[in-house]
Amino acid sequence: LCVLCLLPQSPALPLPREAGGHSESQWKQAQEYLKRFYPSDAKSRDADSFGAQLKEMQKFFRLPVTGMLDSRVIVVMQQPRCGLPDTGEDLPSRNRPKWISKVVTYRIISYTRDLPRVTVDHLVAKALNMWSKEIPLSFRRVVLGIPDIVIGFARGAHGDFYPFDGPGGTLAHAYEPGPGLGGDAHFDEDERWADGRGLGINFLAVATHELGHSLGLRHSSDPDSVMYPTYGARDSENFKLSPGDIREIQELYGKRSKSRKK
């Protein structure tokens, strides 16, 4: 399992002249957040680049676009979220990565201690079914061999140059479709995972999001979308794709015929 995008190393940005009453730690957190989730050309990293990246983030999260660090921005930056960037090359659906085979295999290679294995198996299958019932694509679980999608839990550094950061922060990350590591999804075992009925991170919600990436979807700025990058508590019983999610996945794969919907 590896990260979808490896960001280039770069020197820290100089702090903007107007600190706005925010602490140095908040400014550093903002710099790291923007570098990770709104990456820009390493050659242009300066105070002006900070403002441009901040405006991009504010626009994505539908905040007032000021280019200034404020309390609303800080609140968003402190929310648990997916580890993938919110930006990327805007390609037409015909040129975006997707699975060609109509049957995609997956394998769960490691589990969390927070939930019974049978519960994890069930929730992964449920998350995949949410997507497959809308498109002409089926998923088959395998227990041996090399699957299309590898799913697992890990802590800290786990061999992909993209370490998890402990409780909170980034919850999971995944690959877009492709050979080798393409499609892989993994989850931070330092989180407290739940099935939606108790305290903790709703695994179904996060798995549905990450497996959306495994199918080729990007982050959405619609708060109702399962592809929204930050995590919010959701009811597992009523959890479902938004109309925008369905539209996006069908643009990639087409519609599943009504007779084949599960």
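Just so it is clear, glycine is given a Cβ too, placed from its N, Cα and C backbone atoms.
The feature active site is assigned by Swiss-Prot to Glu210, with sequence analysis given as support. Packing around Glu210 (active site) is summarised by its Cβ count: 27 other Cβ atoms lie within 10 angstroms of its Cβ, all protein chains included. Under DSSP, Glu210 (active site) is assigned to a helix (H, G or I) in the three-state scheme.
Note on His213 (Zn(2+) 2 binding site): other Cβ atoms within 10 Å of its Cβ, all shown chains, come to 24. Here Swiss-Prot flags Cys82, His209, His213, His219 as Zn(2+) 2 binding site, drawing on similarity to another entry.
If you look up Swiss-Prot, you'll see Asp148, Gly180, Gly182, Asp184 marked as Ca(2+) 1 binding site. Annotation for Gly180 (Ca(2+) 1 binding site): no spatial neighbours, criterion Cβ-Cβ under 8 Å with sequence separation of six or more.
According to Swiss-Prot, the feature Zn(2+) 1 binding site maps to His158, Asp160, His173, His186. Mapped onto three states, the DSSP output places His158 (Zn(2+) 1 binding site) in coil.
As annotated by Swiss-Prot, Ca(2+) 2 binding site applies to Asp165, Gly166, Gly168, Thr170, Asp188, Glu191. In the three-state DSSP assignment, the secondary structure recorded for Gly168 (Ca(2+) 2 binding site) is coil.
Marked as motif 'Cysteine switch' by Swiss-Prot on the basis of similarity to another entry: 80-87. In the predicted structure, the motif 'Cysteine switch' (80-87) carries a mean pLDDT of 94.
What Swiss-Prot records for 1-12 is signal peptide.
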### Spatially closest candidate among Asp148, His186, His213, the listed binding-site residues, to Asp165 (Ca(2+) 2 binding site) (Cα to Cα)
His186
### Query
Per DSSP, His186 (Zn(2+) 1 binding site) is which: helix, strand or coil?
strand
### Query
Same chain, outside the motif 'Cysteine switch' (80-87) by at least 6, Cβ under 8 Å from its Cβ: which residues?
3-5, 36-39, 56-57, 60, 162, 168-174, 191, 201, 206, 209-210, 213, 219, 221, 229-231
### Query
Counting other Cβ atoms within 10 Å of each Cβ, which of the binding-site residues Asp148, Asp160, Asp165, Asp188, Glu191 scores lowest?
Asp165
#### Entry: Nearest-integer angstrom distance between the alpha carbons (Cα) of His158 (Zn(2+) 1 binding site) and Gly168 (Ca(2+) 2 binding site)
17
